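If you check Swiss-Prot, you get these features:
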- Asp457: active site, proton acceptor (ACT_SITE)
- Arg459: active site, nucleophile (ACT_SITE)
- Arg152, Glu153, Asp157, Arg267, Ala268, Gly269, His270, Thr271, Glu291: D-ribulose 5-phosphate binding site (BINDING)
- Glu153: Mg(2+) 1 binding site (BINDING)
- Glu153, His270: Mg(2+) 2 binding site (BINDING)
- Arg379, Val380, His381, Ser382, Glu383, Gln400, Glu423, Gly424, Arg425, Thr445, Thr480, Lys485: GTP binding site (BINDING)
- Cys384, Cys395, Cys397: Zn(2+) binding site (BINDING)
- 57-328: region 'DHBP synthase' (REGION)
- 329-543: region 'GTP cyclohydrolase II' (REGION)
- His253: site 'Essential for DHBP synthase activity' (SITE)
- Glu291: site 'Essential for DHBP synthase activity' (SITE)
- 1-56: transit peptide (TRANSIT)
Amino acid sequence: MSSINLSSSSPSTISLSRSRLSQSSTTLLHGLHRVTLPSNHPLSTFSIKTNTGKVKAAVISREDDLLSFTNGNTPLSNGSLIDDRTEEPLEADSVSLGTLAADSAPAPANGFVAEDDDFELDLPTPGFSSIPEAIEDIRQGKLVVVVDDEDRENEGDLVMAAQLATPEAMAFIVRHGTGIVCVSMKEDDLERLHLPLMVNQKENEEKLSTAFTVTVDAKHGTTTGVSARDRATTILSLASRDSKPEDFNRPGHIFPLKYREGGVLKRAGHTEASVDLTVLAGLDPVGVLCEIVDDDGSMARLPKLREFAAENNLKVVSIADLIRYRRKRDKLVERASAARIPTMWGPFTAYCYRSILDGIEHIAMVKGEIGDGQDILVRVHSECLTGDIFGSARCDCGNQLALSMQQIEATGRGVLVYLRGHEGRGIGLGHKLRAYNLQDAGRDTVEANEELGLPVDSREYGIGAQIIRDLGVRTMKLMTNNPAKYVGLKGYGLAIVGRVPLLSLITKENKRYLETKRTKMGHMYGLKFKGDVVEKIESESES
């Protein structure tokens with residue numbers, strides 16, 4: 001995760017000339033200025049006349065607040081605020097929900113400071129080996145320890161490629177595992193070998209709905225089927241493309257499992273991880289897996305798994321890292337259709353993208369020609385039915401959506417990607433409403449999710465990144481306040497050359513929500529440096 005680090009600027013006093021009315025402004029940080037504009041005005045943007053022409057700018061909120069100006073920390077000397085509609089000097093405050101694309105600065109200068117390595121999805125979670133290292137060991141016929149999420153089974157499995165199984169490997173697995181040796185296989189291979197599920201999925205009462213088939217032993221080359229050599233023989237037979245249904249006795253001592261198509265991207269289980277690793281290693285899609293037990297026979301947890309792996313020179317990888325690895329490389333969406341759509345902000349071209357994994361349809365609103373794909377203004381917006389459609393005042397989602405479209409229209413070129421399935425930061429509409437009830441009872445948005453046993457933010461941006469790339473974007477100015485989104489998109493190889501903040505108006509209804517996002521989730525709703533505090537979040541709008 002990237003760190004939040006705001007560099008400091010020395011304040012300087014400058015003057016805004018506005019039709020015989022001079023107002024003072026303090027230069028703050030990278031195009032943000034504290035400014036006093038005494039009255040109200042319906043505009044959300046205005047222009048500043050300079051010696052070199054006219055540039056767009058915006059005032060955030062109301063009196064004594066923030067003005068955003070494209071020239072970074074350059075003082076606005078001899079500039080005039082111009083009403084864009086009348087070309088006349090502006091005599092009133094200009095209220096905006098954010099800044100224009102021209103107001104962006106290089107991303108590190110805007111507070112999202114992270115080492116380049118922080119964006120590399122191939123880097124393992126601290127304390128784990130990398131996925132490429134595990135893939136190489138699988139390719140060589142070695143065992144790997146695969147660990148799932150602590151909120152799932154929180155267990156580790158010994159995993160290897162089935163086609164490389166040996167009696168020695170089986171003896172090691174049986175000695176350190178539960179003794180229940182499983183072989184994960186794709187549906188086509190199970191059907192070819194006539195291996196039906198033990199119970200249909202509707203009747204499956206196993207905690208994680210693991211899809212067990214009938215058990216088997218190889219008919220040829222085995223005795224009782226239980227020895228390490230017999231089990232290796234059975235596993236090699238299951239992995240063989242030449243095997244036939246009549247080559248197996250039923251029941252037996254090996255437990256075939258049905259792999260979920262899509263692998264760990266559809267189900268974050270050891271069954272799927274074992275096949276995914278063998279496929280990534282260039283081997284046949286059949287994996288061996290067995291749960292590791294502690295010395296007392298209980299399931300081994302992560303500290304013991306690390307100790308065990310170190311003693312036996314085994315790599316330990318997490319399914320979460322495997323998911324990230326695959327999302328970076330697999331094709332996740334396909335373009336379905338496109339049409340021109342006139343909007344309240346102006347004409348856009350809408351592109352529908354369909355998820356290959358789950359069929360969810362997403363939309364990209366494109367303004368102008370992407371051309372060489374350089375320096376494109378981009379907003380990746382997560383679906384929020386209550387805010388975007390019904391205008392809920394609990395959040396600032398609808399305001400950010402409208403502001404993003406407005407800014408893209410004003411810029412004349414840009415992309416807004418609307419990701420569905422992100423409702424409530426990924427928890428879904430029903431859970432979001434339950435969380436609202438807890439918030440009404442005193443919890444904040446983070447505490448409410450945690451009390452419901454749900455992740456604070458489970459959104460993933462691989463689909464958005466692939467849509468952006470498919471549209472031809474190569475470098476972008478990202479409209480966001482969220483460092484997780486910045487890192488999430490950067491991790492998919494997209495070059496982010498600037499960040500454009502989206503600073504929403506504060507209301508009584510959303511103040512606590514925005515404050516929580518700022519203090520607990522790192523959102524950039526306030527700027528603090530060298531004793532001079534600019535905290536929009538602390539000045540509650542009375543409107």
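The backbone N, Cα and C atoms fix where each Cβ goes, glycine too.
Locations of recorded Swiss-Prot features on the structure.
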| residue | record | Cβ within 10 Å |
| --- | --- | --- |
| Asp157 | D-ribulose 5-phosphate binding site | 28 |
| His253 | site 'Essential for DHBP synthase activity' | 20 |
| Ala268 | D-ribulose 5-phosphate binding site | 19 |
| Glu291 | D-ribulose 5-phosphate binding site | 20 |
| Arg379 | GTP binding site | 25 |
| His381 | GTP binding site | 23 |
| Cys384 | Zn(2+) binding site | 23 |
| Glu423 | GTP binding site | 18 |
| Arg425 | GTP binding site | 23 |
| Asp457 | active site, proton acceptor | 20 |
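Nearest Cα neighbour of Glu423 (GTP binding site) among the listed recorded positions (Ala268, His270, Cys384, Asp457, Arg459): Cys384. Summary of the Zn(2+) site environment: with the site residues Cys384, Cys395, Cys397 set aside, the chain residues having Cβ atoms within 8 Å of the Cβ mean position are Ser382, Thr386, Gly387, Asp388, Ser392, Arg394, Asp396, Gly398, Gln400. Geometry remark: Glu291 (D-ribulose 5-phosphate binding site) versus Arg425 (GTP binding site), CA distance 33 Å. The two recorded residues, Cys384 (Zn(2+) binding site) and His253 (site 'Essential for DHBP synthase activity'), show a Cα separation of 50 Å. Looking at His270 (D-ribulose 5-phosphate binding site) and Glu383 (GTP binding site), their Cα atoms lie 31 Å from each other. Taken together, the residues in the region 'DHBP synthase' (57-328) have a mean pLDDT of 79 on the 0 to 100 scale. In the three-state DSSP reading, Cys397 (Zn(2+) binding site) counts as helix.
The closest partner of Asp157 (D-ribulose 5-phosphate binding site) among the recorded positions, by CA position, is Arg459; the full candidate set was His381, Cys395, Arg459. Annotated pair Arg379 (GTP binding site) and the residue listed as 'active site, proton acceptor', C-alpha to C-alpha distance, rounded: 18 Å. Proximity note: of the listed recorded positions (His253, Ala268, Cys395, Asp457, Arg459), Asp457, Arg459 have a CA within 10 Å of the CA of Arg425 (GTP binding site), given in sequence order.
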